[in-house]
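Below: the structure, in structure tokens.
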Amino acid sequence: MGSNRGRKAGGGSQDFGAGLKYNSRLENMNGFEEGVEFLPANNAKKVEKRGPRRWVVLVAVLFSFLLLSLMAGLLVWHFHYRNVRVQKVFNGHLRITNEIFLDAYENSTSTEFISLASQVKEALKLLYNEVPVLGPYHKKSAVTAFSEGSVIAYYWSEFSIPPHLAEEVDRAMAVERVVTLPPRARALKSFVLTSVVAFPIDPRMLQRTQDNSCSFALHAHGAAVTRFTTPGFPNSPYPAHARCQWVLRGDADSVLSLTFRSFDVAPCDEHGSDLVTVYDSLSPMEPHAVVRLCGTFSPSYNLTFLSSQNVFLVTLITNTDRRHPGFEATFFQLPKMSSCGGFLSDTQGTFSSPYYPGHYPPNINCTWNIKVPNNRNVKVRFKLFYLVDPNVPVGSCTKDYVEINGEKYCGERSQFVVSSNSSKITVHFHSDHSYTDTGFLAEYLSYDSNDPCPGMFMCKTGRCIRKELRCDGWADCPDYSDERYCRCNATHQFTCKNQFCKPLFWVCDSVNDCGDGSDEEGCSCPAGSFKCSNGKCLPQSQKCNGKDNCGDGSDEASCDSVNVVSCTKYTYRCQNGLCLSKGNPECDGKTDCSDGSDEKNCDCGLRSFTKQARVVGGTNADEGEWPWQVSLHALGQGHLCGASLISPDWLVSAAHCFQDDKNFKYSDYTMWTAFLGLLDQSKRSASGVQELKLKRIITHPSFNDFTFDYDIALLELEKSVEYSTVVRPICLPDATHVFPAGKAIWVTGWGHTKEGGTGALILQKGEIRVINQTTCEDLMPQQITPRMMCVGFLSGGVDSCQGDSGGPLSSAEKDGRMFQAGVVSWGEGCAQRNKPGVYTRLPVVRDWIKEHTGV
């Protein structure tokens, strides 16, 4: 007992005095007390040291100290840093060409799997021993899976190496090898190994890779569809700080089609978001990653992926504690394509990337040889083109691409045409081992080389447009070639410095229509000046300086800086009565008011889905893309007007929708039904759609049914809505909110897709722009009031039509929130040139809305 206590005490507190060369304590030696006595000298001057000798001694002592320090440092380096090792882990795969795949290899606990895995590990060890920079530092390897072809082994290898050899090891492992290993041990038969490749991974992933607590293996059977989900889906969130994986297999000579039906994980951010990755392999190697996913996708988003062989690996790595349901996915097998491409010999036709509109598979090459009659030329028009790789700079076609006439095309491109000067053209499509996309949809056409666009104008891209669109001031060709080298009509056109022709009423409208700014030069205010809303010109330096230099406050509106200024109709007023110089400060994610009132009541304007589907031909909206859009149905008449949700109990619409006529009492709230969360008018009973009756209708008391001034109405719902992924409110702007000319805004509704056409079944969307108020008044004199705003394209083509009345104008503001800029009111015709749509301006009636709804 005493001995143990002595060792314990010694371990915690040592007698450091025993280790000192000199000790101030007196020691008992041989039983006697010893000391040191200094005797006085007979002649002090003789024994006194001379000055110069002292310096020699000091230098010697200093030199000795430095030498000892250097030796100590070298010893520390030798015994500590020289022995430091860096952990390197590599994921890889190899092919065993003289083996046949057995079904038992799918089960990692089977005798056959264990036996073959042991031999592969021994083969890897022998292989590394052949490389001087690898063999001495190889710690261990492990086989994680096998798949067909003859037999592909997936493995990881761990090395412990000196830091100065790290790069050499990386280079050695990056070499793809083809080797034959003779039997050097009893347990190792002769292996012919090809395609021995490996890629570095984060060593921290090794522990997660070895954890099988959230690992699943699934095999497709026949044509059946197999479903799998994250743990707990959809009733509880997936586990935090975990790694889950799904090994998906199909039969030999098949490929897999994988679709995520529902996808909701933590948002993508820079803080290490949760991540789902799909690999065209059974090893999580970056060069074989097909896609990485995070965030929330709408159900209609294209999340279908094809493998190049009969396996997929899906991993979920969670780094956050945020609670999300995860995903639901399905997969099935289909026969592997024996060839891709082909010979096309009709006068016209279509072709696409493999499995379009699903993502094309990795590692594929397709060639289409197109031949039309000898007396005709051929051109290819790509109607849709998505070949985007997240790791490739725009314009660099080094991975996935389409090649025609020696030129490569990649990325995301709008419709374009490639022509041949003969009756033949060859289109080649290539995808590498990683990251795939939707691909392309194309058509080929034959044409007369002497007249490629009969009776029409041909853009340099090969597109044909009507001749009257040439030099009309609007770019109808994607490359603007229809507006170049024009002679402008001085009566109604302005000649830009870049030789473009623009309508005269676009001059000095505060929008750079020419592109070079020449249509805004020489206007009422000189260069370097600011034009106040009252027409006064000020030096640019006086804008946003905290002083009302204009006299109407407009020089202090829309400022990035935040200053407390005198209150005007242009300044934002906080709840405490103070006014800010900053423009549109409400709900922008930054607290500007000292009382925080600018960031209150901001549960609005955000979509539940962070990822929306691409517009693939047409203007159909996506599910949940406009969750504040409402469809109003009149009894026995179906959809008549639109509306927007601004709170659980209130809608905003247009007053003219509720004016009685001799046949129907539209002002009677009992005649109306509101559908929220609706996308397709033919599926009003679909899951997520809420059908509600109205409680009352409030039209603006100043509404004029002749001029449509003050065209706005408030609708109270009979009961509160339930917010969901497809039902959310839009933000209402402050009375001082500014939607400047040129700003992009979205119009939505089920109205007619063209003038005189029928209503759409699927919710439609169109991007339009705010038009300068002066220009608007010039286009429609004596018709526009301060409560109205013009929005659209003066070139026509996109507009709201009958049936969209009462629907919202949605404007994306700071922080990504959507604010309602206006209400669809009226217009002359539908999508006509110089006839933009007219909308009720929301900020002007904001106080009236708040008075009646409290919103």
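Here the Cβ of each residue, glycine as well, is placed from N, Cα and C on the backbone.
As recorded in Swiss-Prot, the features of this protein are as follows:
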- 1-55: topological domain 'Cytoplasmic' (TOPO_DOM)
- S13: phosphoserine (MOD_RES)
- 56-76: transmembrane segment (TRANSMEM)
- 77-855: topological domain 'Extracellular' (TOPO_DOM)
- N107: N-linked glycosylation site (CARBOHYD)
- 214-331: domain 'CUB 1' (DOMAIN)
- N302: N-linked glycosylation site (CARBOHYD)
- N365: N-linked glycosylation site (CARBOHYD)
- N421: N-linked glycosylation site (CARBOHYD)
- 451-488: domain 'LDL-receptor class A 1' (DOMAIN)
- 489-522: domain 'LDL-receptor class A 2' (DOMAIN)
- N489: N-linked glycosylation site (CARBOHYD)
- 523-561: domain 'LDL-receptor class A 3' (DOMAIN)
- H656: active site, charge relay system (ACT_SITE)
- D711: active site, charge relay system (ACT_SITE)
- N772: N-linked glycosylation site (CARBOHYD)
- S805: active site, charge relay system (ACT_SITE)
In Å, rounded, how far does the Cα of N302 (N-linked glycosylation site) sit from the Cα of S805 (active site, charge relay system)?
31
Quickly jot the same-chain residues contacting the domain 'LDL-receptor class A 1' (451-488) by Cβ under 8 Å, restricted to those at least six beyond its ends, or write none.
377, 379, 381, 414-419, 494-495, 499-503, 794-795, 833
D711 (active site, charge relay system) versus N489 (N-linked glycosylation site) - Cα distance in angstrom:
38
Check the recorded positions N302, N365, N489, N772, S805 for other C-beta atoms within 10 angstroms of each C-beta and report the one with the most.
S805
Could you measure between H656 (active site, charge relay system) and D711 (active site, charge relay system) for me? Cα positions, answer in whole angstrom.
6
For the C-alpha pair, I'd like the distance in angstrom between D711 (active site, charge relay system) and S805 (active site, charge relay system), rounded off.
10
Between N421 (N-linked glycosylation site) and N365 (N-linked glycosylation site), what is the CA-CA distance rounded to a whole number of Å?
25
N772 (N-linked glycosylation site) versus N365 (N-linked glycosylation site) - Cα distance in angstrom
51
Taking DSSP H, G, I as helix and E, B as strand, the domain 'LDL-receptor class A 1' (451-488) contains 6 helix, 6 strand, 26 coil
S805 (active site, charge relay system) to N772 (N-linked glycosylation site): how many Å between their Cα atoms?
22
Using Cβ-Cβ distances, find the residues under 8 Å from N107 (N-linked glycosylation site) that belong to the same chain and are at least 6 apart in sequence, listing them in sequence order.
F113
Under DSSP, is N489 (N-linked glycosylation site) helix, strand or coil?
coil
Over the domain 'CUB 1' (214-331), what does the predicted model average in pLDDT?
91
Secondary structure of the domain 'CUB 1' (214-331) by DSSP, residue by residue, totals 3 helix, 55 strand, 60 coil
